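Student: What TrEMBL records for 306-454 is domain 'GAIN-B'. Among the features that TrEMBL reports, transmembrane segment is placed at 457-479, 500-520, 540-560, 572-594, 614-639, 660-683, 689-712. TrEMBL lists 458-713 with the feature domain 'G-protein coupled receptors family 2 profile 2'. Annotation source TrEMBL lists region 'Disordered' at 731-752. Look at TrEMBL and you will find 739-752 tagged as compositional bias 'Polar residues'.
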Amino acid sequence: MYTGPCKVLHLSSGLLPNSGRFGIVLSDEYQVVTSLWCQLYTTHAPQQPSGMLLLNYLVIPSKAQVNKPGYKPNLGECSHYRSKIHLKAGDKLQSPEGKPKTGRIQEKCEGPCISSSNCSQPCAKDFHGEIGFTCNQKKWQKSAETCTSLSVEKLFKDSTGASRLSVAAPSIPLHILDFRAPETIESVAQGIRKNCPLDYACITDMVKSSETTSGNIAFIVELLKNISTDLSDNVTQEKMKSYSEVANHILDTAAISNWAFIPNKNASSDLLQSVNLFARQLHIHNNSENIVNELFIQTKGFHINHNTSEKSLNFSMSMNNTTEDILGMVQIPRQELRKLWPNASQAISIAFPTLGAILREAHLQNVSLPRRVNGLVLSVVLPERLQEIILTFEKINKTRNARAQCVGWHSKKRRWDEKACQMMLDIRNEVKCRCNYTSVVMSFSILMSPKSMTDKVLDYITCIGLSVSILSLVLCLIIEATVWSRVVVTEISFMRHVCIVNIAVSLLTANVWFIIGSHFNIKAQDYNMCVAVTFFSHFFYLSLFFWMLFKALLIIYGILVIFRRMMKSRMMVIGFAIGYGCPLIIAVTTVAITEPENGYMRPEACWLNWDNTKALLAFAIPALVIVAVNLIVVLVVAVNTQRPSIGSSKSQDVVTIMRISKNVAILTPLLGLTWGFGIATLIEGTSLTFHIIFALLNAFQGFFILLFGTIMDHKIRDALRMRMSSLKGKSRAAENASLGPTNGSKLMNRQG
């Protein structure tokens with residue numbers, strides 16, 4: 001290509017006829033193509049000193065240059081030059097509209113800011129549209145923006161010129177080439193069919209080089225929408241790649257904040273629907289699984305038929321370049337694949353890591369918007385006969401309060417539909433959903449459920465219950481200390497009250513550590529302190545269960561062994577060995593094995609880890625085994641309480657039933673049987689009733705120990721009455737003793 005010296009071009013006094021562009025005067029050595037596809041236009045460069053302005057123009061050699069010996073022209077492209085044009089003082093560079101462009105950007109409106117008032121400001125140079133502001137709290141805040149630098153004409157400007165010049169062979173004299181302006185391109189479909197019908201590549205460079213302003217994003221969404229509507233008759237993998245490159249540009253994390261200022265609130269929904277519609281017409285010609293692998297959009301697919309085994313598509317995408325990848329998986333169950341016809345079909349899935357932060361839901365009553373998406377957005381395109389799929393999402397927010405809700409995007413209602421999916425599994429890291437695929441629900445994800453009314457009810461029950469429980473346990477210990485000498489007459493009664501006291505102490509201490517741990521911030525506090533909180537919570541909750549076990553063993557001992565009694569000292573040794581020795585061994589072993597690998601605690605709370613080391617089993621297994629053993633003891637007591645006699649009447653049967661019920665009611669909280677409801681709460685889909693019952697019984701366990709273990713014991717009540725009578729007697733004696741000398745002194749004073 002000729003790249004010789006270029007002379008300075010001067011602005012002429014007027015525009016060339018019908019050109020709509022700046023007129024220029026050239027020397028005889030060059031000719032410049034001034035048309036829609038090879039034109040003179042201003043750059044984004046700032047104005048130079050002394051009225052000098054940088055301009056771009058396209059130059060091709062003249063006929064004289066072509067005829068020079070040894071010159072080999074290459075007419076496939078134009079030479080781009082930048083030249084300095086000197087403007088005289090007072091001259092202004094006019095745009096086609098005849099309005100000067102100042103290039104000044106108003107960051108906010110001028111004038112007083114009155115609440116709820118609006119104003120608008122023009123966009124920067126080379127952008128069309130305006131920026132809207134709203135007055136909020138006496139400050140102008142950006143509310144909308146339509147600034148765009150893209151247009152249908154500009155999209156195909158360079159590609160049209162290149163295509164027209166590339167058809168000229170070197171042997172064709174340049175002077176016979178047609179330099180007239182091509183016909184105007186009025187639509188995206190027309191421009192693509194004319195310039196790049198095979199792969200849509202002619203639009204990608206212009207789009208990818210554009211700034212992701214709100215106006216440009218809205219323009220690109222309409223561009224993709226038009227393509228999916230007008231050009232989706234024969235979608236190849238090459239077309240899908242170009243289409244995805246354009247979509248990837250506006251799904252970048254740097255563009256997310258600008259979506260909020262697009263006036264059309266359905267733009268994000270239109271984007272998702274357009275991508276799904278375009279992918280529905282995609283034809284997979286080979287067995288390759290990876291079709292598109294952009295940073296913010298991935299497409300995979302494969303062929304399937306009724307003999308195909310269970311298939312899955314795995315995605316791994318990053319929210320940005322600094323975070324770890326988020327995983328997602330689409331599975332088609334085997335029973336669904338059997339529904340297919342013998343001829344081959346195809347399954348396609350598209351993953352979006354950032355679209356969840358952009359999608360805007362239509363207003364829905366009784367739903368607080370926006371609802372945060374906590375995973376990839378996975379779109380699927382399946383044969384019509386397939387209806388059920390299984391999706392696995394890795395959570396973006398993995399905190400313990402990040403409860404998930406499986407949802408599908410309803411394209412007509414423009415919102416997340418909870419009825420489209422059912423929860424199969426919800427653990428700290430991932431969620432598994434079973435979803436129904438339809439023509440209007442093709443995209444799925446998980447929402448981070450805010451604190452529901454149910455959660456608040458359970459929180460209130462726990463807080464109130466723990467407060468009442470702690471006060472009840474303190475009162476229980478005070479009562480036991482008050483009547484101790486009067487109730488510990490025999491070895492069995494002595495050990496029984498030893499058990500009650502240690503159960504109360506263990507539960508009281510465990511509740512205190514639970515409160516400390518629930519209000520503990522690991523990031524803000526010392527790590528070793530959190531380890532200590534976890535250890536003591538684990539130890540004292542285990543102590544509670546093992547003292548309950550020892551109490552159950554005492555009951556069995558009292559029933560089975562009648563004539564032979566064990567010494568008090570030996571029973572004390574066995575009791576403390578079981579009540580505190582076993583929990584200490586388990587707690588120390590757990591922390592010694594898991595802590596060196598940093599697997600002792602949960603990342604988000606001061607409690608035993610589950611996901612990595614399963615340290616929580618060191619609490620769950622002993623607790624559930626003890627609950628099972630204690631349940632057997634209660635059944636033995638119930639059977640032993642029923643003493644059938646010959647000719648017993650119905651009234652005696654009622655008395656027996658009442659006695660059994662009373663014993664079971666007393667032993668249930670004392671032996672920890674209420675923790676058995678915890679098993680039901682672990683099962684997915686358990687009724688809310690079980691959660692409330694479990695929270696009530698265990699939050700108020702201290703109150704039940706006070707009620708059934710202390711107050712309902714008639715021996716303790718008798719001892720309390722005797723203690724109160726003794727205290728009253730002593731107070732009266734003390735009062736009489738104090739009154740005696742006083743009265744005597746008064747009498748002597750009278751006699752004197």
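From the backbone N, Cα and C atoms, a Cβ is placed for every residue, glycine too.
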Student: Per DSSP, what is the helix/strand/coil residue tally across the domain 'GAIN-B' (306-454)?
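Tutor: The domain 'GAIN-B' (306-454) comes out at 12 helix, 68 strand, 69 coil.
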Student: What residues in the same chain, six or more past the boundaries of the transmembrane segment (614-639), come closer than 8 Å to it by Cβ-Cβ distance?
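Tutor: Distal contacts: 538, 541-542, 545-546, 548-549, 552, 555-556, 559, 582, 586-587, 589-590, 594, 599-600, 607-608, 660, 663-664, 667-668, 671-673, 675-676, 679.
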Student: Under an 8 Å Cβ to Cβ limit, what residues of the same chain, 6 or more beyond the ends of the transmembrane segment (689-712), are close to it?
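Tutor: That would be 454, 457-458, 461-462, 464-466, 468-473, 475-476, 479-480, 500, 503-504, 507-508, 511, 665-666, 669-670, 674-675, 677-678, 680-681.
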Student: Mean pLDDT for the domain 'GAIN-B' (306-454), rounded to an integer?
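Tutor: Taking every residue in the domain 'GAIN-B' (306-454) and averaging pLDDT yields 84.
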